[in-house]
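To start, the structure under review is shown below, and the notes come after it.
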Amino acid sequence: TSGLVQAIIFEVEDRELIGGSAYGGQRAICCTPDLAKLDACTQGEIIHRPSTTNPGFPYVLTTSFSLDKDMAILPSRSIEITKTGMYNLYFMICDPNLKDVVVEEGKTIWKNPTGYLPGRMAPLMNFYAFMSISFVILGIFWFSQYARFWKEVFPLQNCITLVITLGMFEMALWYFDYAEFNETGVRPTGTTVWAVTFGTVKRTVARLVILIVSMGYGVVRPTLGGLTSKVLMLGGTFFLTSEVLELVENVGAVSDISGKAILFLVLPVALLDAFFILWVFKSLSATLNKLQVA
């Protein structure tokens, strides 16, 4: 008249403790009739053995599901994890009578001792704090020299100033993004979007600066001439593809594990980066030849 729906929490290193097989056959997560006959487990439940290095784990949560009802609720539970590691939460339904049961809705909250950031994302907050301070120091030095020699500034140095400014905003926004995520457990969409946008603009401008310098702009030619539209078109395309990739990868993401769909977005960005590199080296070679002839 009733069956069990179980949730099991275990460390990745203990995954071999989940499941078993009878007479050397195929490994099963749920207890099979053959295994039940050997008194190795209880039929209709998850097969698991206690960890010798992590007492209390794997941790199993169980709720009873009556076949004459349409819904069962798993009560809220707080579980303390004392060993550092990567943990998985699986919902398992081993009773064949409950094969059509689905997990309708719910929420799990994972918190580390230092906050809500996932373990592999936590160092990024300190990294961006350090980078923000570094960019501020670089900016102070650069702007002081810029103000000192403002009459002798080249147009390219204005572009460098723009890149440094964008870098300062990007690092600060990423820090605030991770800091708020760590404090509340919810990633701030607005801050993430702005951080992604500033970063994408910075990378685009930096690539364009390198490209036009390799073409000899400000060295052997005062303007780019007919190449201006092509350079701007390449920069605009790179910005759009990079912006889409970064938005999909970061906005609302609370895990550092990328999905398969992102692989298709990485490809155009990688191809445009390769095109930038080839164009830079080709233009640099032509510029050096002009300088040698001169």
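The backbone N, Cα and C atoms fix where each Cβ goes, glycine too.
The following features are taken from TrEMBL:
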| type | residues | note |
| --- | --- | --- |
| DOMAIN | 123-293 | domain 'GOST seven transmembrane' |
| TRANSMEM | 125-144 | transmembrane segment |
| TRANSMEM | 156-176 | transmembrane segment |
| TRANSMEM | 204-224 | transmembrane segment |
| TRANSMEM | 261-281 | transmembrane segment |
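Ranked by Cβ pairs under 8 Å to the transmembrane segment (261-281), the stretches 125-144, 156-176, 204-224 are led by 204-224. Sequence-remote contacts of a segment are chain residues at least 6 beyond its ends whose Cβ falls under 8 Å from one of its Cβ atoms, and for the transmembrane segment (156-176) they are 124-125, 128-129, 131-132, 134-136, 138-139, 142-143, 146, 188, 191, 194-195, 198-199, 201-202, 205-206, 208-209, 212-213, 217-218.
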